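To start, the structure under review is shown below, and the notes come after it.
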């Protein structure tokens, strides 16, 4: 289990979990700011604006996750309820990130081919904001705050009190990331630009979401490995973004 259970040894300290959430929050904040600055620098690249919103959406779920962890520390919620709420926020964070990156990719392809996009920029922005804030609202409703709409994704059901995810939800996330990875590689390949970062995000997301299928058997090691992959992938993406943006600014200056 990620938290203390009656008669079950704590395998991942709450402080460690909070540190990982804070680290991911910081990395995504930097990525969001840099992508917004890059969009301000070149407003023709509207896809960069949508890409920045993808990282903004993650920040909301990180905050909600930290809040829900604090509630178990204060004894307001049982560990089983908290585990499920964390799983819900994780699911919606992954889906929002993937969908918004896909919208940005669609805009990027339209910009490259100079074809008229299916939606106007204002409409695309509205759709993106809907996924950013609407998804967070839906996740909140499906969590323990509203018992009549509660969604069950992860439970402490095995003999050791470890977390067991429902495979169907994990499979959906893996399929979404594999689709995004394939589409991005088809249209953008491995060129040295921002979309290399998207390739890294999608590939690593496939890896650490596959690890969720083994949570019930290798809870401790699986958790550390999956979160390490996510943190390292986000750091790599942040470096790719920063290098590309500074390179673009240097070319403009010259």
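The backbone N, Cα and C atoms fix where each Cβ goes, glycine too.
Annotated transmembrane segment per TrEMBL: 16-41 (among others), in sequence order.
Residues annotated as domain 'Membrane-associated sensor' in TrEMBL: 17-248.
The annotation transmembrane segment is assigned in TrEMBL to 53-73 (among others).
Counting residues 6+ beyond its ends, the transmembrane segment (88-105) has Cβ neighbours under 8 Å at 47-48, 50-51, 53-55, 57-58, 61-62, 64-65, 68, 124, 127-128, 131-132, 135-136, 138-139, 142-143, 151, 153, 169, 173, 176-177, 180, 183-184, 187-188, 195, 198, 201-202, 205, 209 in the same chain. Per TrEMBL, the feature transmembrane segment maps to 88-105 (among others).
Taken from TrEMBL, the feature transmembrane segment covers 125-143 (among others).
TrEMBL lists 163-187 (among others) with the feature transmembrane segment.
Look at TrEMBL and you will find 194-215 (among others) tagged as transmembrane segment. Residues 38, 48, 51, 94, 97-98, 101, 105, 108, 162-165, 167, 170, 173-174, 177-178, 180-181, 184-185, 188, 222-223, 225-227, 229-230, 232-234, 236-237, 240-241, 244 of the same chain, all 6+ positions outside the transmembrane segment (194-215), place their C-beta atoms under 8 angstroms from a C-beta of that stretch.
Residues or ranges marked as transmembrane segment in TrEMBL: 235-252 (among others).
Long-range contacts of the transmembrane segment (125-143) within its own chain (CB-CB distance under 8 A, at least 6 residues past either end) are made by residues 49-50, 53, 56-57, 60-61, 64, 68, 84-85, 88-89, 91-92, 95-96, 99-100, 103, 119, 149-151. Using the rule of three or more Cβ pairs under 8 Å, pairs at least 6 apart in sequence, the transmembrane segment (53-73) is not in contact with the transmembrane segment (235-252). Sequence-remote contacts of a segment are chain residues at least 6 beyond its ends whose Cβ falls under 8 Å from one of its Cβ atoms, and for the transmembrane segment (235-252) they are 27, 30-31, 34-35, 37-38, 41-42, 192-194, 196-198, 200-201. Restricting the average to the domain 'Membrane-associated sensor' (17-248) gives a pLDDT of 85.
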